[in-house]
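> Take a look at the following structure, please.
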Amino acid sequence: MRILLTNDDGIHAPGLAVLEKIARQFSDDIWICAPDEEQSGMGHALTLTRPVRLRKHGERRFSVTGTPTDAVTMGLRKVIEAQPDVILSGVNRGANLADDITYSGTVSAAIEGALAGVRSIAMSQVYTKETRNSHSAFAAATEWGAKVLGPLLDTPLPKRTLVNVNFPPIAPDAVKGIRAVRQGFHDYSRGTVVEGRDPRGFQYYWFGLEAIEHTLDHGTDLEAVDDGYIAVTPLQLDLTHHSSLGALAARYES
Ligand code: MN
């Protein structure tokens, strides 16, 4: 089984090493193609206005001067000669839950993989202020990764679907289990805008990611992680709101 690894935290991110450790429990045919720098929050961006460069860091290990989507594209077209069996993206430092998904470079790399017809899985390790800088920040993902990934490698998935996995920010032995759940939604628009002055005296703004309020709807990824479970959410690329189609069509027909 040939597996392509990528992420949005960059080729040197600790979470990528965790992902490699998880992947090597299933295969030795591991290829890495990741952005050369952190690309969190880049979503599904594709670099069109400048060239990207491919750098070789070792056997089957490459970085790209671009976005996570660029990294997958280069991984598929220039790094690996043949299509991989699986694309794994992560393990992201931080949650990709609820409406984080469309901002997420980690999930978007898996979206790019799904578009290319490859089984694709995004993995993220939720952190708290307390666990963020701890050396055991990725402990839950490290310990539980293979157990979560196993079934995702051979469960049939329709075309243009992918899977989003989030590990709770708790010790591995405190994790209660794995739940397949739907995507939740945060109640309020995200984060804060921090204002300041740069060293030359000009005003700047910087988007912050404060804890976002949410109601824990039953059966969601947010609730699962909050309850101490690993959240596994199948996602589809068809964003059409099918039940509104008829009403809209009727308006334009009249
Ligand atoms: Mn990230």
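In case you wondered, yes, glycine gets a Cβ from its N, Cα and C as well.
What TrEMBL records for 3-189 is domain 'Survival protein SurE-like phosphatase/nucleotidase'. Look at TrEMBL and you will find Asp8, Asp9, Ser40, Asn92 tagged as divalent metal cation binding site.
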> In the structure shown, with every protein chain counted, which of the binding-site residues Asp8, Asp9 has the densest set of Cβ atoms within 10 angstroms of its Cβ?
Asp8
> Using CB atoms and a 10 A radius, I'd like the single residue among the binding-site residues Ser40, Asn92 with the highest neighbour count.
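Most Cβ neighbours within 10 Å: Asn92.
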> With the divalent metal cation site defined by Asp8, Asp9, Ser40, Asn92, which remaining residues of that chain have Cβ atoms positioned within 8 Å of the Cβ centroid?
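Same chain, not in Asp8, Asp9, Ser40, Asn92, Cβ within 8 Å: Asn7, Gly10, Ala13, Gly15, Glu38, Gln39, Pro68, Gly90, Arg93, Gly94, Ser104, Gly105, Thr106.
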> Find the average pLDDT over the domain 'Survival protein SurE-like phosphatase/nucleotidase' (3-189) in the predicted model and report it.
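Reported value for the domain 'Survival protein SurE-like phosphatase/nucleotidase' (3-189) is a mean pLDDT of 95.
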